[in-house]
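According to TrEMBL, the feature substrate binding site maps to His32, Arg72, Tyr136. Per TrEMBL, domain 'Transthyretin/hydroxyisourate hydrolase' is recorded for 24-138. Annotated region 'Disordered' per TrEMBL: 1-28, in sequence order.
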Amino acid sequence: MQAAPRLRALQRHLGSSEGRGMEPTSSPLTTHVLDTAWGLPARGLCLCLSRLEDHGQQWTELRKSYTDSDGRCPGLLPPGPMKAGTYKLSFDTEGYWKKRGQESFYPYVEVVFTITDETHRFHVPLLLSPWSYTTYRGS
């Protein structure tokens with residue numbers, strides 16, 4: 001019977017408590033990139049997390065990483081509360097599309113957001129095609 005393996009794969013993909021990604025010790029900031037042109041997770045997309053420092057004058061890189069086979073980037077920050085402030089997720093969309101032999105309009109996508117409540121968890125999904133993108137504060 002194939003239902004159990006498919007259910008586990010779906011739970012991992014959605015990040016359910018029975019799957020990967022929702023453990024209480026996981027990062028307070030997560031992202032999930034979906035390639036809407038192919039209907040698949042965006043695997044191998046380079047991204048960088050930065051925080052605005054020096055009274056709003058300088059971005060400090062906190063982490064550079066790549067999305068996994070599920071389009072997620074686990075461990076962006078260590079477990080525990082986030083420091084309040086302004087953050088930026090930069091996605092190398094040009095590099096992603098070039099690896100696929102696809103021309104694209106946006107060479108990169110930067111999502112800048114402000115954290116005021118350090119006790120919350122934050123999820124920043126990115127839906128991506130060669131000609132458009134959308135993002136929102138997920139849960």
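Glycine is no exception: its Cβ is also placed from the backbone N, Cα and C atoms.
Note that TrEMBL annotation is computational and uncurated.
Just so you know, the Cβ of Tyr136 (substrate binding site) picks up 11 other Cβ atoms within 10 Å once every protein chain is counted. Around the Cβ of His32 (substrate binding site), the number of neighbouring Cβ atoms within 10 Å comes to 21. Averaged over the domain 'Transthyretin/hydroxyisourate hydrolase' (24-138), the predicted model has a pLDDT of 92.
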